[in-house]
Amino acid sequence: METRTPRDPNTLSNYHNYVTRHTSLDFEIEFERKRLVGSVVLRMESLTDAEVDVVLDSSFLDVSAIKVDRQSAEFSIGERIEPYGSPLTIKLPAAVPKGKTVEIELTVATTEKCTALQWMEPAQTSNKKHPYMFSQCQANHARSVFPCQDTPDVKSTFSFALRSPLPVLASGLPTGASKYQPAKKDGASGTLKYTFEQPVAITSYLMAVASGDLACASIGPRSTVWSGPEELLECQQELEGEIEPFMKAIESIVKPTYQWTQYNVLILPPSFPYGGMENPVWTYATPSIISGDKQNIDVIAHELSHSWSGNLVSAASWEHFWLNEGWTTYLERRIQGVLHGESHRHFSAIIGWKALEESIERYGADHDFTKLVIDLKGKDPDDAFSSIPYEKGFHALYQFELLLGKDKWDNFIPHYFETFKFKSIDSYDFKACLIDFFAKDTEANKKLAEFDWDKLFYAPGYPPKPDFDQTMVKSCYKLADKWQYLITNNSSSDFKPHHSDVADWVSNQSVVFLEKVQSFAEKFSAEQIHLLGHTYGYDKTQNIEVLSRYLSAGLMAKAPETYQPSAELLGRIGRMKFVRPMYRLLEKADRKLAVETFEKNKDFYHPICRSMVEKDLFGDEKK
């Protein structure tokens with residue numbers, strides 16, 4: 001019997017025997033019962049001649065019936081295996097010949113334990129009129145929405161039919177809204193069936209759905225923005241004219257051209273746990289990027305880059321997550337270089353290095369999760385989520401740019417994406433592709449032959465730190481040095497802080513300045529923290545990137561005037577980038593307030609964020 005060796009340790013499915021080629025989802029979105037209910041049809045191809053069982057991933061699902069080629073089939077749901085859910089085993093009437101397909105229809109409903117869906121009451125939305133729901137399936141949460149081969153090593157095309165009383169978005173191209181049904185009871189709304197097609201094969205974690213009181217506006221020739229009606233104008237003003245230059249910039253670096261037809265942005269409610277999620281056709285984005293000054297929209301450059309790295313060429317397992325995020329961070333910074341100049345690219349990398357330092361220090365420099373390629377057997381991929389695959393992954397690629405020279409490296413980039421488009425790969429595929437591409441280039445071939453690949457993939461801790469262009473950070477560090485001298489030599493310092501110190505800066509320069517300040521923040525008095533925030537307007541800023549870092553410095557300094565504003569910020573944003581570090585700092589400053597703040601806001605957070613913060617605050621005792 002021939003089998004493929006499964007590369008993904010975080011799936012219970014037997015995807016090496018059967019592989020999904022097309023997924024059809026037909027669900028009703030029931031806001032009242034907070035569930036999706038309907039059916040899923042999987043068209044699966046046999047990779048062997050002998051296997052009679054199909055095993056799918058499932059997690060907290062209510063599966064009531066299964067048909068195989070329209071005939072009722074026996075199935076069983078195994079014991080739950082944390083953190084992967086329960087294997088769903090379907091008995092086929094007979095083994096399917098290799099290369100032939102079988103159609104499996106499952107009648108299914110989600111349950112209250114679903115980890116991918118967040119359901120929001122009207123009170124949790126901006127206009128407080130209608131409920132709202134959205135999904136977040138990365139890393140392995142699609143299995144809590146529908147039984148599937150929940151592994152990035154499998155890609156299928158998708159069809160969506162989603163019935164809802166409110167507008168729906170899904171990770172495909174919209175094909176219409178029809179089949180109106182009147183309300184089933186007084187006071188309820190009638191429903192429409194919204195349909196979408198995704199002709200490009202995608203991984204299960206890119207399955208996305210959102211429904212709520214949504215409106216849209218154009219922001220470019222290939223792009224629209226969607227948000228709540230009240231925020232729409234503000235979102236449009238922030239993003240209008242910004243997307244197409246990003247797209248033109250990246251299309252000058254990679255190949256093939258943009259494959260997904262439209263690039264739209266959904267600005268989610270503030271509880272969304274990530275900066276963005278690269279769902280095809282619709283990037284999901286945090287409202288924290290809408291700062292009124294167009295200073296935080298680099299998140300869009302990042303998610304757009306995922307249209308190539310992650311979505312078109314996908315890491316085959318979460319152990320090789322750097323292939324998604326390292327490439328994407330690299331491409332995001334290349335976009336910045338094209339649009340704003342190389343000094344901006346280097347400036348972003350300097351900010352990234354600080355994030356890398358924080359993650360490595362938190363884990364410890366010899367921790368397995370600080371490696372580029374990690375071992376996730378028996379582990380939860382969410383536990384390994386940090387800036388390391390982003391930033392250490394970026395440095396892996398930047399290392400090759402420096403090693404081979406930018407011109408040669410730039411010839412490889414489009415070749416890589418053309419070679420692996422529509423496929424899932426691991427780090428060894430990347431290595432083989434790079435070596436093969438330069439096989440006839442004597443100089444490059446010699447450098448790659450001498451390169452320490454084992455160190456790149458498996459060494460924990462820091463990558464080599466390159467020399468960055470310091471142009472944009474010099475003034476940030478200089479001002480931080482003045483503050484440090486003021487703090488330690490108050491009487492002899494002639495430095496008088498003034499708003500003009502930062503008047504000419506872009507907001508990310510304030511970010512770098514505040515991150516430098518954090519390195520000695522515990523030496524600040526409460527009065528000096530007040531002076532810092534008041535003088536530079538950091539205590540009143542609408543820019544969450546800046547505000548969160550100022551408040552973090554205040555928490556490090558144990559300055560009580562920053563405690564309540566920190567708690568308030570934690571009650572209005574669910575992005576884990578801000579929430580998790582701030583809870584850790586607030587706990588050290590005032591554990592009682594940290595716990596009270598979490599208990600007050602835990603239902604506001606997405607289940608993934610809530611689970612992570614619980615681990616941060618309580619360890620595993622809450623399980």
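A Cβ is built for glycine as well, from the same backbone N, Cα and C atoms used for every other residue.
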Listed in Swiss-Prot for the Zn(2+) site shared with H302, H306, one of E325, E342: E325
Spatially closest candidate among Q136, Y274, E303, Y390, the listed recorded positions, to E325 (Zn(2+) binding site) (Cα to Cα): Y390
CB contacts for Q138 (peptide binding site) [other CB atoms within 10 A, all chains]: 26
Spatial neighbours of H306 (Zn(2+) binding site), counting only the recorded positions Q136, Q138, Y274, E278, Y390 and Cα distances within 10 Å: E278
Neighbours of H302, H306, E325 excl. site residues, C-beta within 8 Å of centre, Zn(2+): G276, E278, E303, S305, S309, G310, N324, W327, T328, T329, L331, E332, Y390
Subset of recorded positions (Q136, Q138, Y274, E278, Y390) lying within 10 A of E303 (active site, proton acceptor), CA to CA, in sequence order: E278
Euclidean distance between Cα atoms of H302 (Zn(2+) binding site) and Y274 (peptide binding site), Å: 12
Tertiary neighbours of E278 (peptide binding site) (same chain, Cβ under 8 Å, six or more apart): L206, E303, H306, S307, G310, N311, T328
